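> Pulled from TrEMBL, these are the listed features:
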DOMAIN    257-322  domain 'Low molecular weight protein antigen 6 PH'
TRANSMEM  17-40  transmembrane segment
TRANSMEM  46-64  transmembrane segment
TRANSMEM  85-105  transmembrane segment
TRANSMEM  111-131  transmembrane segment
TRANSMEM  163-184  transmembrane segment
TRANSMEM  190-216  transmembrane segment
């Protein structure tokens, strides 16, 4: 069953700098990947390739910016349906297939796989980032009012996914460094430098994802994470046993995502960006021994560790009242308490 699509407002804001920059960067990355592949396949020199890349990147940014400004709310419109978001991943998929074709066909210069492979990874990251922005912009567009309740929300699945992506990024970094070093001995030192830079960025991203995932998993189980052992949460500086701080309070749940409750639905943290869940899509709210679960029609349930909830029973009751009111198709009249993070 497809999720309920909530209508967008009649008037949407003009694209801001962030949206224009995101569209421009996405189009530029796709253009640059194709340009590098064609230049390397035709045996272009390093100077020629660099000149083509700089020109194509500029053209891509300009074209993307023009496309973004042609309609109001492009990100919100794109994030409304999954089919629209899937279009963003067509170029990365095409470049990935192109890499396999280049490697498999002897008549094509193998060096062209460097361009298509880079393009597949770079455009994939750009598509993922833009998809996250689009989902979040759509969720914000259909919930312009203040939330009725704000609940700390920590999904254990997201923690495991963060660790998995981090490990994959580290493996990619090692493979890029080794592969670039081996290929660079035949192609040139510029490839060694480029692969080293890409590997460094991928390694940093991987380490951050692994540490953040482990920290989220520790918070979900109520344990002290490695980051907290190295860098405790308490602000200020401890001198001779006394702590001095200009920041009031030290018990805030920094970094904890939140679930926002509206009369039209929920704005929940997703794997990428935020997602809007209409009340019509919610089938049940269950409180288990370790988790609060919100079941949805045909989609993965939303789950939250009980350890981050101040009052799990009251939180479940709040959500159940909204579900019941939605089933009766009547306005919600009960006042629900706010939850502060």
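Numbering starts at 1 and runs along the chain as displayed.
Keep in mind that glycine also has a Cβ here, set from the backbone N, Cα and C atoms.
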> Take the transmembrane segment (17-40) and find every residue of the same chain, 6 or more past its ends, with a Cβ under 8 Å from one of its Cβ atoms.
48-49, 52-53, 56-65, 67-69, 74-75, 88, 91, 95, 98, 102, 109, 111-112, 114-116, 118-120, 122-123, 126-127, 129-130, 133, 137
> Based on Cβ pairs under 8 Å, which of the stretches 46-64, 85-105, 111-131, 190-216 lies most in contact with the transmembrane segment (163-184)?
190-216
> So which residues does the transmembrane segment (111-131) touch in its own chain, when a touch means Cβ under 8 Å and the partner is 6 or more beyond its ends?
22-23, 25-26, 29-30, 32-41, 75, 78-79, 85, 88-89, 91-93, 95-96, 98-99, 102-103, 172, 183, 187, 191, 198, 272-273
> For the transmembrane segment (85-105), could you work out the same-chain residues 6 or more beyond its ends whose Cβ comes under 8 Å from its Cβ atoms?
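Result: 26, 30, 33-34, 37, 41, 78-79, 112-113, 116-117, 119-121, 123-124, 127, 130-131, 134-135.
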> Apart from its near flanks, which chain residues at least 6 from the ends of the transmembrane segment (190-216) lie with a Cβ under 8 angstroms of it?
46, 114, 118, 154, 156, 158-170, 172-174, 176-177, 179-181, 183-184, 225-228, 255
> According to DSSP, how is the domain 'Low molecular weight protein antigen 6 PH' (257-322) divided among helix, strand and coil residues?
17 helix, 33 strand, 16 coil
> Summarise the model confidence on the domain 'Low molecular weight protein antigen 6 PH' (257-322) as a single mean pLDDT, whole number.
87
